[in-house]
Structures are given as C-alpha cells and as structure tokens.
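A.B. asks: Pasting a structure below so you can have a look.
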Amino acid sequence: MSDSKEDKPVLGRKPLGIKRTVESGQVQQQFSHGRKNTVVVEVKRRRVLGKPGESTGGAPAATPQADPAPTAAAAPAAPRPAAPPPPRQQQPVRTAPPQSLMSRQELQAKLLREAEEARMNAQEEARRREDAARLAAIEAEKRRAEENRQAAETAASAPAVEEAPAPELTPVAEAPAAAPQEVAAQPVETPVEADAGAAAASTTAAPPPPRRFTPVTPVKRPEPTKPERAKKGEDNRRQAGKLTVTKALADDDSARARSLAALKRAREKERRAHYAGGSKTREKQSRDVIVPEVITVQELANRMAEKGADLVKSLFKMGQAVTLNQSIDQDTAELLVEEFGHRIQRVSDADIEIGIEGEADAVETLKTRAPVVTIMGHVDHGKTSLLDALRGTSVVSGESGGITQHIGAYQVTTKKGDVITFLDTPGHEAFSEMRARGANVTDIVILVVAADDGLMPQTIEAINHTKAAGVPMIVAINKVDKPDANPQKVRERLLSEEIVVEDMGGDVQDVEVSALKKTGLDELIEKILLQAELMELTANPDRAAEGNVIEAQLDRGRGAVATVLVRKGTLKVGDTFVIGAESGKVRALINDKGQQVKSAGPSTPVEILGLSGVPMAGDQMTVVENEARAREVAAYRQEQITRKRTASVPTNFENMFSALSTKVIEYPVVIRGDVQGSVEAIVSALNRISTDEIKVRILSSGVGAITESDVTLASASRAPLIGFNVRPNAKARPLAIREKISLRYYDVIYDLLEEVRNEMAGQLAPERIETIVGRAEVLQVFPAGKKDKAAGLLVMEGIIRKGLNARLTRDDVIVSKTVIHSLRRFKDDVSEVRAGMECGAVLQDTNDIKAGDTLELFEVEERVRTL
Ligand SMILES: Nc1nc2c(ncn2[C@@H]2O[C@H](COP(=O)(O)OP(=O)(O)OP(=O)(O)O)[C@@H](O)[C@H]2O)c(=O)[nH]1
C-alpha cells in the first residue's frame, strides 16, 4: 500500500521504487573540543522503476517518469527557500550511494534532513488545516454545481441535459491551469491550491474524490497528477513529509523515504535529550536532609537521594572505611550532606515525640465535659458499695474476697441527665500506684471514710495523693447507718490531716452517706456537680483524641485490651494511636456497659481493641496521623525502655567487692496476672517484703495465661510460678508437671503476699537470740585429769550453769567461745552456782585459760524467721 502511494509522483517528480536495497555502516563524527559521536547510517539505493510486474502502481508511476523535467524543475524549488544548503549536498549524496560508509557530508545531510523534516511536519500541519478548508470549498462547489444543474434543468428540459456537464468541466480545466502558476509563485501553498482544483475536478468525475485510480484519466496532462499527489498527502502525512525532505537532499534521491533507522535514531535522540534533562534537574536539587544523632550510611544516602556507594566513597576519602550498613554520627553525616550540596537538619531521637500531642485548643472550640470523679479510701470503707449504690448495680458482690483489685471506670447518668465518670480505686495498700494514677487523671476525688472506723493508713495515703495531684476533694462519710458510727469524730480527725470540712469552717465539702441504706447519695451527686461547675470543665471534642490508660490486660479472645479515659478529642473506630510503647488501630470500642460504640468523646472511659501489645496502666494514649508515625514513636519508646532496663550500673571497686561479699538470698519468682494493674501491684508488694537478707527476684512478670516459656524460665531457676487470676495454657500445664514446677494460683492479693512471705522466711536460717545470764572471773587455773585444765571461778553476776555457752575474754578480747563442760563445788559436781560463790569449771575444747580472764555466760534461743 505504502509503496503504491510512494510510487505516485510528487509534484510531478520521479516516483519511488517498490523495493530498495539498504546499505548501512557506521561513521564517526568529530566535533569541537574533541567530542566524537558514532552514527549508524543507512544508504538506500533507488529502486529500478518500471518493472513489468507492478500492476496498479506501475501505470501512474510510468506516467510521471515519462516527463520528469517539468516536475523536477518545480519540485526542488519547493524546499529551497526553507533550506538553502541542499543543492550543495546533492553532489555527495549522488556519489555516495555506491559506498558502504557515508562521508561526513552525508551525515550532515542526514541531520539536515531531520531538521528539514521537522519543518515539514509543521508544513503538513498547515496543509492539514488547508485541506479542511479545501473540503469545505468542495462542499460549496458541489452545492453550487447542483444549483446550476437544477437551474439548467428548469431553463431548458432537453438541451439542458447536454449542457449540464459543461459548467462542471470548466472548473476542472480552469483549476489545473491555475495551479502551475501558483506553484511557481508560492511553492508551499501550491498543493493546497492544487487540492482545491483537484477537488473541484473530482466532484465532477465522482463524489468520493480521494480514490486512487481516478487520476488515471488526467495522467495525460501533467497538471492532474498534482491534485492526485495532494490527495495522497492528505492520506499519509508522513510520506508527504518524506518527499519534501528528499527534495532538500538531492534530485536523484528525491524519491527516497525516511529510513526506519532514521526514525529510530530520532526517537533515541529524543529519549536521550529527555533523560539528560531529567538528570540535570536532579543534580541541581538541593535537599533538606533530616539527620538523627546516629544514622546508617544507607539511610543517609536514601534521605539525600544519592547513591550509597558514592557516600561510602566520600567517607573513604575522609579516611573512614565504613560499609552501607554501618552507622555514622551526626557530625560525619553533616560533612557528607554538605559535600553533596544538601543542607543538614539535625534532629535528636527525642524529637520523634515532638508534636505528638496536638496543639492547645482554642477557647471557642472547648465544650463542657463530664467530670471525672475518683473514689478513694481505706480498704473495706465502702468505696465499691457506694459506687454500686450510685450506679444501681452490684460490682462488689462479684469481686474476689469482696475487695477491689483494679481500677474500674463507669459512667453514671443522674436523674437530671448529668453525666459523671467514676473511677473506683482499690483500697488495699498494695495498690498505691493505682491510687496515685487515679488521682492524676481525675477532676475530683471522693474520699470515702467509714464513720465507724475513722481515718486509716490508706485514707491518709489517699489524702496525700489527692494533695499531690492538686485535685479538689469531697469527703463521703460512709456507713452512717451503723450504730457505732461517729461522723463528727471523722471530721475532727481530718483536721489533723489539714482537711477542714465545711461544717468545721473549711472549704472541703463533706456528705454523710450510707451505701447500704442508699442515703445521702443525691446530696453527694449535687456536691459533685457543684464542684464540677465551679471548675468549668471543658474539652474540645472535635480533634484527635488523647487519653490515659486506666487498666490494660491480655484477653484470650480479644488480644491486648486497654481501658482508656479519653481526656480530649473523640476517639473513633479506625483511629491510629500510640499508647506508651505500643501502637495500633482502633478495631473496636466497648463502653462501660459492655456495648460496642463507634466513638468516645471527652471524659468517656472506653475499652480499646486493636493494640500491638499490653501497655502499662497510666500510659498516655495519643491518636496520630498515620500508622508509620505510630510505629515510629512506639519503636522509639520501646528502645528507651530497653535501654533503661539493660543499662548496667557503672562498675567500681567498691560495688564490685560488695557484690562479692554479699550473702543476700534471692527468692526468684515468675508472675502472671490477668490485668496489668494487678501484676504491677504484686510486683511492687513483693519488692517491698524483701529484706537485707532475702530479696525477691522477679524473673518475669506479665499479663495473660501462663505459657510454656514461663514454665521453662521458672524451671531454669527452680522458681515458683505465680498465677494471679490466670491458669496455664494447654501446653504449659503438662510441661509444668514434667518439670515439677511449683505452680501457685491466687485470686486475692493478700493471700499471695502472705504465702510468699512465709516461704521466703522459711528459706532463712532460724534467728539466734543470745541472752547473757552471768559473768565469772577466773581466779586460778589448776589441772583436771591428765590433759585438761580447770578454772577456779568467782561468779560475779547472775548464774553459771553446766552446759551454758560461754565466752572467755582476756583484756576484753575474746579468747575462745566454749561451753561449760562440768561444774564442781568443793569436789562435788553441781548443776549451777549463783553470784558471789566460788566454783571450779572445766571448759569444753579449750585449755587456754589464765588467771584474770573473764567468762561471759549466755543462753541462745533460736526463733523461726518471719518477714
Ligand atoms: N453497714 C454498712 N455497711 C457497708 C456500707 N457500705 C459498705 N458496707 C460494707 O462494707 C464492706 C466493704 O465494702 P466495699 O464496698 O467492698 O469496700 P471497698 O472500700 O470498696 O473495699 P476495697 O475495694 O476492697 O478497698 C461490704 O461488706 C459492704 O457491705 C454502709 O453504708 N453501711
């Protein structure tokens, strides 16, 4: 097809052949400044034309060949104005074809051809536009012809039929006649003009003008070939362009098409130009490189967008042989960053935390929130009962041993519709941290004091925590229903703790309540709301949530679960967060009634599912923008924790020797609990029962069921394994039996502590208590039997008895520690001699006795140790 098109003469020039041979070779170009370029060139030979085998293409091809002179004369005229050099280049092109390698001139010709081609493309574009105009003209012409015909028909019916073709033929004859004149005048526009004429002609011959075979008729005249050629050009713009390029090169090669290799080269050149441009911009780019205190070479290279190998090379030049994975310090990194033309931005590891907490909320965004109230007080003073009474539930009945062992968080809606968030803290001394935590996250503290019991140690501790947290307090004097209740005594006793209640002229509110009889509860609620109103508690609910972990645990079915009290913002399902050294995405939120909720606003306690691990109670929860950030912060915090844990105390001679001489017995133990707060409380309580002689060594403590690794760890140290409200899993149980591990299960912390205490005491040797019972002076020494010596004594104080322990001292220095073997008085054996009397005594295992020595007599009592 294309060949047949090529065969058509272009502006009356020689047609292109169908088959051509291609010769190719390489030529080296030399440029200024020693630059070189090797170019692959191809030379296409002109095909021998007029082969008999050519059917359709042959006929029109032969026609223009017959009279090439006028077309050839016209054709070169067309490109000349655009590219004057071609005539000069025609010579080498003509001589070159027989050679396999092209000369430099030929190459230049090629380059010129490419340039010309670009120009021709522009011309083609113009031509296309003109073609469109031409088509419009054809349409107009057609319409006019139609009108004429109709007019003729109406004028004369019979002769009109014969006359009708005449006006159609006239434009055909006129148009080609006009065309050559225009070619001579304005070569570029020629095809367009010719097109118009041709179109006019074709409309007369047949309605579809671009048919290939229509020009057969006008072949006899040179003019019609032009319109035909123009039509081809309309069909194939590329070929039209080719013809013009060849025009620029040589007469002989005018029919030569642009080679495939040339196209490839052009494309390659374009691509190179594109990439070269890209790399240039990249090199120019200067970046702000964030560099932490320590960074690996690879990471630095990534941040600089440079090759790692280049950095290694630069470091090597600086005298540092490092690999990509080795770390360098900030100063070295700075040298590298500057060398590569970037700017350093020094950061510290701790900077990771910067901005994790959102900005301070604007006043207009703040909305009133529910008060958070923590109930504190001594064990069994009725905290849980009071909260149960307020909530209308019964938590206390479900507690092991009736005591609270972890923080409970609940929301209560009052009769008026006000919402109050309550935190119930344990009263037992072991839960001091929990109480402190409770005091720190709360707005108001309710101090529960049993009216029959008064102020107790944990009541005072709670007062101290409250004072430390700077939180207002309301005193709830409970159990006023009891006959021995004395609320006034409680108020007076509070004075000694610097708590002055309103009744006593102070500013601390107090209420008399009975959790059992449910009296005074409304008054208590009122006072809480009054206090909250005074405090003007507000938070912005429309921001990323922040909160505190109240409790955390590892649930068998749900994984790590944390009870969080949202402080500000709204926590939503799907939020990404960091809690302490753990991160995650909120999978589900469960409120205090066990219902799934979609979001939790300020002052709402809520259970979060979707944590990577069990966080520590008291940890901060912060919602962050994405998971990467959450992981980054969590990893940093984890690293800090590990560093702190593994940090070794600097060794010095003093502690080295003290460590060697220490005789402290260690009591190793592995602890597993149901909730994080309980484990924490157990660990701190056990540490507190440690003494100078025996110390609890907690090998491992954690939340969740007892696992195989716990058993293995315990068996390695022959340590007891304590499970608080947890049991071993299926694999750990048989292993524990096999390893003969002492497994202890508890659900009340007092029992646990008591048993551990007894057991630790049992590991200590019984206590020896010495009681001095008498003192005697050695008056003289005389032989007793063959070897032994007897001491003649005067009992100065107390008593001397046979079998008593004795210490013989000489000038206040102990000579020996012995036992009274036998005792005689006037040759009679006696069992004891009292003060003021003389006697003779044989000492066991020693004869080193001298007159003037003193004998100290004592009894030793052995007592079982307690802790
Ligand atoms: N008579 C009387 N008994 C009460 C009252 N409130 C609580 N009790 C009893 O006191 C005991 C202890 O009550 P809890 O509510 O468990 O006390 P608690 O302070 O929560 O104890 P811990 O959480 O273990 O610190 C229970 O047996 C209650 O029935 C009250 O107002 N009157």
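Yeah, the Cβs are placed from backbone N, Cα and C, and that goes for glycine too.
Source: prediction; values computed, not measured.
TrEMBL lists these features:
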type	residues	note
BINDING	377-384, 424-428, 478-481	GTP binding site
COMPBIAS	1-10	compositional bias 'Basic and acidic residues'
COMPBIAS	23-32	compositional bias 'Polar residues'
COMPBIAS	59-77	compositional bias 'Low complexity'
COMPBIAS	78-89	compositional bias 'Pro residues'
COMPBIAS	90-99	compositional bias 'Low complexity'
COMPBIAS	111-150	compositional bias 'Basic and acidic residues'
COMPBIAS	151-205	compositional bias 'Low complexity'
COMPBIAS	220-238	compositional bias 'Basic and acidic residues'
DOMAIN	368-538	domain 'Tr-type G'
REGION	1-250	region 'Disordered'
REGION	266-285	region 'Disordered'
A.B. asks: For the compositional bias 'Polar residues' (23-32), what does DSSP give as the number of helix, strand and coil residues?
C.D. replies: 1 helix, 8 strand, 1 coil
A.B. asks: Based on a Cβ-to-ligand 1 distance below 6 Å, what subset of the binding-site residues Asp380, Lys383, Val480 would you report?
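C.D. replies: The qualifying binding-site residues are Asp380, Lys383.
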A.B. asks: Within the compositional bias 'Basic and acidic residues' (111-150), count helix residues (DSSP H, G, I), strand residues (E, B) and coil residues, in that order.
C.D. replies: 40 helix, 0 strand, 0 coil
A.B. asks: Which state, by DSSP, holds Gly377 (GTP binding site): helix, strand or coil?
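C.D. replies: Once the DSSP labels are grouped into three classes, Gly377 (GTP binding site) ends up as strand.
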A.B. asks: Name the residue among the binding-site residues Asp380, Lys383 whose Cβ has the smallest number of other Cβ atoms within 10 Å.
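C.D. replies: Comparing Cβ neighbours within 10 Å for the binding-site residues Asp380, Lys383, Asp380 has the fewest.
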A.B. asks: Once near-sequence residues are set aside, which residues in the chain of Val480 (GTP binding site), 6 or more away, have Cβ atoms under 8 Å from its Cβ?
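C.D. replies: Looking at Cβ-Cβ distances below 8 Å from Val480 (GTP binding site), excluding near sequence neighbours, one finds Ala451, Pro487, Glu512, Val513, Ser514, Thr519, Gly520.
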A.B. asks: Reduce the DSSP letter at Thr425 (GTP binding site) to three states and note it down.
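C.D. replies: Once the DSSP labels are grouped into three classes, Thr425 (GTP binding site) ends up as coil.
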